[in-house]
Amino acid sequence: MEDDAPVIYGLEFQARALTAQTAETDAIRFLVGTQSLRYDNQIHVIDFDDENNIINKNVLLHHAGEIWQIGASPADRNVLATCYNKISDSKVMTCAAVWRIPKELQGGNHESPDDTSSNAQSLELLCHLDSTAHGNMACVTWEPLGDGKKLLSLADNYLLIWDLQESSTKSVLSSSATLEGKGQLRFTSGKWSPHHNCTQVATANDTAIRGWDIRSMRQIYCIENAHGQLVRDLDFNPNKQYYLASCGDDCKVKFWDTRNIHEPVKTLEEHSHWVWSVRYNHSHDQLVLTGSSDSRVILSNMVSISSEPFGHLVDDEDLSDQEDNPQEEKTKEPLQDSIIGTYEEHEDSVYAVEWSSADPWLFASLSYDGRLVINRVPRALKYNILL
């Protein structure tokens, strides 16, 4: 059973920002943001044609500055938020804004291969998330499962919740919390939990991971020294409400039960350099992607701590079949965790990995040299999970 070859797309600029187009569940579409100091930065809207194994793209100009992070609205596929650098009074500031893809490109019309970025259209600015009073933005993330009207941003040591009003053309700061402690504490990343009616978020600062209840804007747990060095990324298990994955500069990926934070449930040590990105599969949470500056992407099968640790358990209607074939009885032993694959198509640091929002068996990875690689879960494993 031969697996499909990876599909590679090259951007002309360096890049580290990648997201799936969350609200798009039919087309396989990713958004990539560039980092260039000399030229106008761009958002590449990447459509993957699964049947023909080819990539189509649109290029949109992002005049505001080099893009450090990008997040797609969960409700409107044409709306996105970016964190970007700009120079103001000879100082570099990291800001955030909400943008709309121009109407002409919303229907999935694509450039011909001869088109260049010189005639590319620009993103339409909807509103700024003005954090001037709070410092530099570290990240921005949308409320999951929401109507696209709520955003979380982290700026220096502030956790900020924004409401978008008037068709997303106005942002209002609805609540905030402050990270307090010794020294200059700064948030590095954050994630909004899809569980508990979206009332909890997790943040990382230095080596610690903290949980917050956004109703009271108070801290509800703190994992001190979660990693030996800086925590780079977080992700919530979509199917197990207390489970959280983290990765960091200690080259490790850790899995936590936030009800018992004294030690991780599981630790992976497969990367040889900083781990920048960790992502659970949205449908099959045993599938976990990680990307690292060792230039590798690793796909792990963390089935023992997944929502289906025994695989598919037997339904009552299957019992009669099993009596005829007792040797086919499904095992009740927990399945073993394993590394499914190590993907080495990149030659530079892999800063982002993302699952497709339309196809649960397809994922993309982005390295700093502007190389986007699209891969698939091996067919044998796919059928093993499904059957």
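In case you wondered, yes, glycine gets a Cβ from its N, Cα and C as well.
What Swiss-Prot records for 315-326 is compositional bias 'Acidic residues'.
Taken from Swiss-Prot, the feature repeat 'WD 1' applies to 132-172. Long-range contacts of the repeat 'WD 1' (132-172) within the same chain: residues 22-23, 69, 71-76, 79, 81-83, 93-96, 98, 100, 126, 178-180, 184-194, 198, 201, 203, 205, 212, 214, 217, each at least 6 residues beyond the stretch ends and with a Cβ under 8 Å from a Cβ of the stretch.
Along the repeat 'WD 2' (182-222), the predicted structure has mean pLDDT 96. Under the heading repeat 'WD 2', Swiss-Prot lists 182-222.
Annotated repeat 'WD 3' per Swiss-Prot: 226-266, in sequence order.
Only residues 6 or more beyond the boundaries of the repeat 'WD 4' (270-310), in the same chain, are considered here, and those with a CB under 8 A from a CB of the stretch are 229, 232-240, 243, 245-249, 251-253, 255, 330-344, 346-355, 357, 360, 363, 365-367, 373, 375, 377, 381, 385. Swiss-Prot lists 270-310 with the feature repeat 'WD 4'.
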Three-state composition of the repeat 'WD 2' (182-222), taking helix and strand from DSSP: 3 helix, 21 strand, 17 coil
For the repeat 'WD 4' (270-310), the number of residues DSSP places in helix, strand and coil: 3 helix, 17 strand, 21 coil
